[in-house]
Amino acid sequence: MRWERMADVNLNRLAESLKLTEDAARFIFEDRSILKKVRRIRNDLKKIKIASDIRDLIRYRNSITDPGRPGNFDRPSLGDAEEMVLANINRAKESCRTLEELFKIENQVLSLFFKAVRFQLYDIEKDFFIHIKKRFDPSIYAVMDDKYIKIARLKETTRILVRYGVTMIQLRIKTWSDRRFINCARVLRNSLIDTPISLIINNRPDIALLSRANGVHLGQDDLPIKTTRKLLGKSYIIGASVHTPIQAIDAENQGADYLGIGALYPSRTKPESPVCGLSMLKKICRIVKIPVIGIGGITSSNQRQVINCGAAGVAVGEYIFTGNIKKNLERLTQKRA
């Protein structure tokens with residue numbers, strides 16, 4: 001068996017995996033930082049192919065007799081685009097390792113090059129993982145206030161929320177002890193662990209961190225977004241309440257992942273909140289790039305108005321949890337369809 005044929009196969013595999021990874025960064029994740037990193041590796045690979053005799057390896061190619069050529073030989077089952085991207089990064093890492101070992105004897109410079117690429121891919125894999133972990137759907141954002149929560153029925157309530165279309169849950173506790181708060185957050189997080197639903201903790205980055213929630217929602221008087229990011233790290237979702245265009249732009253510049261705008265309508269949950277109205281929502285949706293969620297007094301009757309203003313989702317508390325949760329959610333999801 002010739003090592004040159006192995007090298008040629010792994011060079012092809014590496015180039016193909018890098019191209020798919022680059023396209024995913026550009027078109028699926030739309031992440032310029034990852035795109036630049038992958039493109040730099042692809043450019044470096046092209047340069048080293050030109051500068052060395054590595055291109056001559058094509059002479060040893062023999063795809064016709066390759067036992068791995070049949071379509072059923074290497075056909076792994078992938079669940080979604082995220083799994084596909086991570087699988088291709090793994091393929092690229094494995095190819096680099098093989099090439100690194102093969103060239104240790106023949107060409108130390110090439111061996112070190114592929115080792116360096118392998119370590120760059122480790123970092124890119126982490127970047128994608130953080131990106132994937134932070135993905136969220138704010139369409140129906142349920143706000144669980146402490147007055148609506150019965151600990152004994154929390155798991156059952158969560159199952160209903162999951163089944164009937166809620167896409168994010170915020171836990172907002174104002175009157176409980178920290179111990180009771182974190183216990184509730186942990187129960188809720190464990191109930192959501194096998195679902196795509198993100199758990200957000202209101203106001204408390206410490207509770208979010210200790211309960212392993214997906215993120216935190218900050219008000220104007222809470223910790224600054226940049227400080228919270230240093231505490232929680234890149235993988236946590238950070239939302240921010242804003243009331244004016246200036247606050248919205250500032251929150252986006254500080255690194256908020258989404259904005260909550262409200263109150264849009266009079267709210268019995270937070271009667272002290274001034275009503276900013278749909279005109280303010282529309283104005284803010286136009287000037288920021290991150291998702292905007294409408295908050296305050298939203299029901300099945302007015303949610304379409306909120307979405308038509310450009311909001312990515314609606315935050316609903318009282319309407320969901322007062323009365324029959326299933327029927328309330330059915331009305332919300334039917335009106336949204």
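Cβ atoms here come from the backbone N, Cα and C positions, even for glycine.
Annotation comment: TrEMBL describes 5-126 as domain 'ThiD2'.
According to TrEMBL, the domain 'Thiamine phosphate synthase/TenI' annotation covers 140-318.
Annotation comment: TrEMBL describes Gln170, Leu171, Arg172, Ile173, Lys174, Asn202, Ser241, Lys270 as 4-amino-2-methyl-5-(diphosphooxymethyl)pyrimidine binding site. Reduced to three states, the DSSP call for Gln170 (4-amino-2-methyl-5-(diphosphooxymethyl)pyrimidine binding site) is strand.
Within 10 Å of the C-beta of Asp222 (Mg(2+) binding site) there are 17 other C-beta atoms, taking all protein chains into account. Feature annotation from TrEMBL assigns Mg(2+) binding site to Asp222.
In the three-state DSSP scheme, Ser241 (4-amino-2-methyl-5-(diphosphooxymethyl)pyrimidine binding site) is classed as strand. The Cβ of Leu171 (4-amino-2-methyl-5-(diphosphooxymethyl)pyrimidine binding site) has Met144, Cys184, Ala185, Leu188, Leu199, Ile200, Ile201, Asn202, Ala213 as same-chain neighbours under 8 Å, each 6 or more residues away in sequence. Put simply, Asp222 (Mg(2+) binding site) is 14 Å from Lys174 (4-amino-2-methyl-5-(diphosphooxymethyl)pyrimidine binding site) when counted between their Cα atoms. Cα-Cα distance from Ser241 (4-amino-2-methyl-5-(diphosphooxymethyl)pyrimidine binding site) to Asp222 (Mg(2+) binding site): 10 Å (rounded to the nearest whole number). Listed binding-site residues: Arg172, Lys174; maximum Cβ neighbour count within 10 Å falls on Arg172. Residue pair Gln170 (4-amino-2-methyl-5-(diphosphooxymethyl)pyrimidine binding site) / Asp222 (Mg(2+) binding site) shows a Cα separation of 16 Å. Counting only the Cα atoms, the space from Arg172 (4-amino-2-methyl-5-(diphosphooxymethyl)pyrimidine binding site) to Asp222 (Mg(2+) binding site) is about 14 angstrom.
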